[in-house]
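**Student:** Marked as repeat 'Solcar' by TrEMBL: 3-97, 109-199, 208-291. Residues or ranges marked as signal peptide by TrEMBL: 1-19. Annotation source TrEMBL lists transmembrane segment at 111-129, 210-231.
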Amino acid sequence: MASSFAAVFFSSAFAACFAEVCTIPLDTAKVRLQLQKKAALATGGGGGTTGGMLGTIMCIAREEGVAALWNGIIPGLHRQCVYGGLRIALYEPVKAFFIRDGDTVAGGVSLFAKILAALMTGVIAIVVANPTDLVKVRLQADGKATTVKRHYSGALNAYATIIRQEGIGALWTGLGPNIARNAIINATELASYDQLKQMFLKLPGFTDNVFTHLLAGLGAGFFAVCIGSPVDVVKSRMMGDAMYKSTLDCFAKTLKNDGLPAFYKGFIANFCRIGSWNVIMFLTLEQVRRSIL
């Protein structure tokens, strides 16, 4: 029997929120690393957050307190309730819409149909959830070590301040790179998890259990960070710093000022974050689905 949209949405949102709570310190470190610029590093700026992921986490905890690692958790949960719920709940219906005679293979739905469906659901979900993403990034970036300080007192204050000072349209700042980033990462995560799980279940000794879900989730996270890192860096910089005029302007200035490696800045932190996030989210999702569906 087909699962109801509401049940899938709830289980997806719950799993995404649980993964967010577990991994947001890694995300905070990733954002700080991505916002670092060569000029700041060369002059000794950056608040000492140049020691990679672990060094950044330790620096934030030492200078700002351990709680600062969970900056942005409230809008992060807002985001996952909306984005995490929509992108997964819409995946199966949209995938069914894209299935045509040429989009099926002997083992099931083709990879092409899975990618198309995940691209579409990623776009729809992030257009709705962009304000929550913006506030999350700004709260994470607003630390002692950053040059742009806004001093929001919390998530609701950040929403209100942005609307009052910058206009309601500012809540969709960075929408272009965010659509690109989330469409790409969503397509990579959902399609690769779906494909890897299907592939593993065809191998002898594999069953639909926690180990299979763990391997598929880890693989999905690895592919997502490899493909999505450049647009993730552009998204973080546009949302964290108002100096950029557009997505292309941010891309060009980052390339000119910081070089090509800047697009993979925070790669280890990003992989630890997305890899662990995918493992926790998919493991939780599979268990919740079995409980309520």
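Heads up, the Cβ atoms here are built off N, Cα and C, so glycines get one too.
Tell me what's around each of these sites.
**Tutor:** If you take every residue in the repeat 'Solcar' (208-291) and average the pLDDT, you get 86.
For the transmembrane segment (210-231), the list of distant contacts is 177, 180-181, 184-185, 188-190, 192-193, 196-197, 200-201, 263-264, 267, 270-271, 274-283, 286: same-chain residues at least six beyond its ends, Cβ to Cβ under 8 Å.
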**Student:** May I have the DSSP-based helix, strand and coil counts for the residues of the repeat 'Solcar' (3-97)?
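**Tutor:** The repeat 'Solcar' (3-97) comes out at 78 helix, 0 strand, 17 coil.
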**Student:** DSSP helix, strand and coil counts for the repeat 'Solcar' (109-199)?
**Tutor:** 73 helix, 1 strand, 17 coil
**Student:** List the helix, strand and coil residue totals of the repeat 'Solcar' (208-291) as derived from DSSP.
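**Tutor:** Each residue of the repeat 'Solcar' (208-291) counted once, the result is 73 helix, 0 strand, 11 coil.
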